[in-house]
Amino acid sequence: MTTETRHTSTDTESEHLGDGLLRRAADLRNRFLVTLPFTIIVLGLSMVPPLQFPGWQWVVAFASLPVVIWGAAPFHRAAFQAGRHGSSTMDTLVSLGVIASSLWSWYALLFGGAGMIGMRMHMSLIPASSHATHADIYFEGACAIVTFLLAGRLMEARTRYHSGDALRSLLELGAKDAILVEGSGTDRQFRTIPAAELRVGDLFQVRPGDKVATDGIVEEGSSALDTSLMTGESLPREVSPGSAVTGGTLNTSGALIVRATAVGSETQLAHIGQMITEAQATKAPVQRLADRISSVFVPTIIVLSLLTLAGWLIAGAGVQSAITAAVAVLVVACPCALGLATPTALLVGSGKAAQMGILISSAEVLERTRSIDTILLDKTGTLTKGAMSLESVILPDGSANSPDAQASEDALSVTASLESASEHPIARALTAAARERELPSHPVRELRNHPGLGVSALAEDGALLLAGRVSWLRKLGISLPESALSAISEAEATGATVVASARVEGWQETSSAGDTASTQASEPTQEDEDGGIIVDMAVGGMTCASCVRRVERKLGKLDGVQAQVNLATESARITLKHDYSDAQLEEVVKAAGYEPQVRSRRLASAQAPTATLTPQTRELPEHLDGALLGTFVVRDTVKESSKDAIAQLKALGITPTLLTGDHESAARFVASQVGIDSVIAGVLPQDKRDAVMRLQEEGHQVAMVGDGVNDAAALAQASTQGLGIAMGSGADSAIAVADMTLVSSDPTMAAAAIRISRATLKVIKENLFWAFFYNVIMIPLAIFGLLNPMLASAAMAMSSVCVVLNSMRLRRAH
């Protein structure tokens, strides 16, 4: 047998995420370990007079050189690159502070009397209290600045790396190997290959205890899959031939043969990772003030440092005190904390949410969750299981029969054929019932969807077939006997849903060719795909918000280019309207003084998927002379967690409202079971959107939770001012327009999504408050001589670490 050569796909995102931070942490660790002994020597001799032997100051001077030259090289290099392009960063302040302290100290040694053998120096932590008769040296300040900052940067890099643990663990859920199935029957062979080599259409085996290698459909075998790591649901999901499975889930029992339907970047796991990284690349509105301040922060600090120097000299202070205060101003300021406030919190928060099965589309969503006061919840598939089953069939004479009765089967066979192309839960219940009973299928043509009402089609003999709401059929003139209406009312009173079907003989199709609706999904055009190109790039060497703005500004000068740079993940998401090459983009970032590496590029989707059935272009005439085939009682069950979900939403100060296309009595029945007081029933898809608009016009901040194609318009409307939340098990069009997607079908995740979003927003604001507060307090202290450079550098290093550690608290959110 010939073995086909397969090629491994490109590296996964999990292999890139945090690589730059790891490399930086290793470099910082090396520099810190080398400079630390020299710094201890310098600090010991400078701060402890009994240790000061004759000529000690010269030992200190030469011991400081490895620290201020090699140890501080990252700061000097970044400051030089920024200055070469006419800008400045936090590294500019650090480099100037180290250089100023060192140059002053060498001047004091060579020309200020500090180099005299036998000179002793008493350490003063406050410049204003220094009264030395000779020039002091500040090598210990320069060394302390470098060593403290190296330690702070090392802690920051490690903490920022671990802040991405949740996202990395999610992206690394995928199986590393797959068992490829080749041949068939007795010739079937099994071969282990890297999972990345699987292709769409391949068959692969999943043994008990193995992870599913990629998304697919079960061809053979039955088992239960543990999906908890992806969805947060603890109960295993039963699968059998025809069931869809997701890559990364764990097979707990029987062996399966699966046919791959998506591989690489097209899998559900990859899409989840992509949604998270896209959210992390965005900026919350609360960050805009910080960005504006950061853009002028460093130049302002340099000016303040010079004014401090001049002010102290004018006030009659000594040169050494003036220089010490000016250097302290340079090194105490911290634009880093401002730059890290939002991205680190968003990185940890979105990663934690992803672990819980909550996908947040952008940082702006977090702002909107704060003011949500009303939530609209769809019934079917959201509060109920959405797996309806056929309970009974009401025949035209009003008799309620078992679906297994012959008369019931005749009506069911025709109706299921009519509903076969629909994905509605009721339609699936009818087609499943017909399939279980092995009823014959009746060919139909010109199948048309009437959104929110039902479907129609033509039978082989030209008769018009209808299936849908009882009220719709009655409006079209289909008569229902009183006995049937009475039986329908009784079923609806217990929370069941009833649909009806009818046949209109002698129907003449008069529609033009242009009116014929297609049952196929519309094909994407070139215009649909013209949403641009998205390039993901790693950007190494950034240290603060000024770096972020410089990279965004440089890339933004290219025609048709928009860039969003994330300091926490050291990455940029670049949207191109014109096809620039990877080399061109990397050259621009290199010219800005950073280390770029393009990770991936793909087409941006400009349009959400269309529905399976295209709505008709004209109304059916009323007063049709048709005969009722039968009415079908289907019943859904409320999810066990729905009542708890409603209680949690109320505890958050949010008023829940049930919004459904189902009839009033069924909606009220479900609402009473879960604890909802407000019900809006019997609405069409456009009515759902209008209901959201009405509440928004009344001043409410509305969230909408739904899962169907008929919820997409309402979700999109909610997203304009409030929040659209889609169930991950729902339709693609609903997911495409939502602000959040719940991978799990558990409605309690809606409350959890709002909780964790609010917690993330709270941490962002805490971080920004700390960053502003720190600078507002510390800079004046340095100006007035109440901090020396060593204390200032330690305080500045810790401010960034505090911001990152505060963000890490989100890992405990639930």
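Each Cβ is built from the backbone N, Cα and C atoms, and glycine gets one as well.
According to TrEMBL:
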type: COMPBIAS; residues: 508-524; note: compositional bias 'Polar residues'
type: DOMAIN; residues: 533-597; note: domain 'HMA'
type: REGION; residues: 506-530; note: region 'Disordered'
type: TRANSMEM; residues: 32-49; note: transmembrane segment
type: TRANSMEM; residues: 55-73; note: transmembrane segment
type: TRANSMEM; residues: 93-117; note: transmembrane segment
type: TRANSMEM; residues: 137-155; note: transmembrane segment
type: TRANSMEM; residues: 296-315; note: transmembrane segment
type: TRANSMEM; residues: 321-348; note: transmembrane segment
type: TRANSMEM; residues: 767-784; note: transmembrane segment
type: TRANSMEM; residues: 790-808; note: transmembrane segment
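The transmembrane segment (137-155) is in contact with the transmembrane segment (93-117), judged by 3+ CB-CB distances under 8 Å for residue pairs 6 or more apart in sequence. Listed by sequence, the residues of this chain that lie at least six past the ends of the transmembrane segment (32-49) yet keep a Cβ under 8 A from its Cβ atoms are 56-57, 59-60, 63-64, 66-67, 70-71, 120-123, 137, 139-140, 143-144, 146-147, 150-151, 154. Within the same chain, residues 54-55, 57-58, 61, 64, 68, 72, 75-76, 78-80, 134-139, 141-142, 145-146, 149, 298, 301-302, 305, 320, 323, 326-327, 330-331, 333, 789, 793 sit at least 6 positions outside the transmembrane segment (93-117) and bring their C-beta atoms closer than 8 Å to a C-beta of that stretch. Residue counts for the domain 'HMA' (533-597) under DSSP, helix first, then strand, then coil, are 22 helix, 23 strand, 20 coil. Listed by sequence, the residues of this chain that lie at least six past the ends of the transmembrane segment (296-315) yet keep a Cβ under 8 A from its Cβ atoms are 88-90, 92-93, 96, 321-323, 325-327, 329-330, 333, 335, 338, 545-546, 779, 782-783, 785. Mean per-residue pLDDT, taken over the domain 'HMA' (533-597), amounts to 82.
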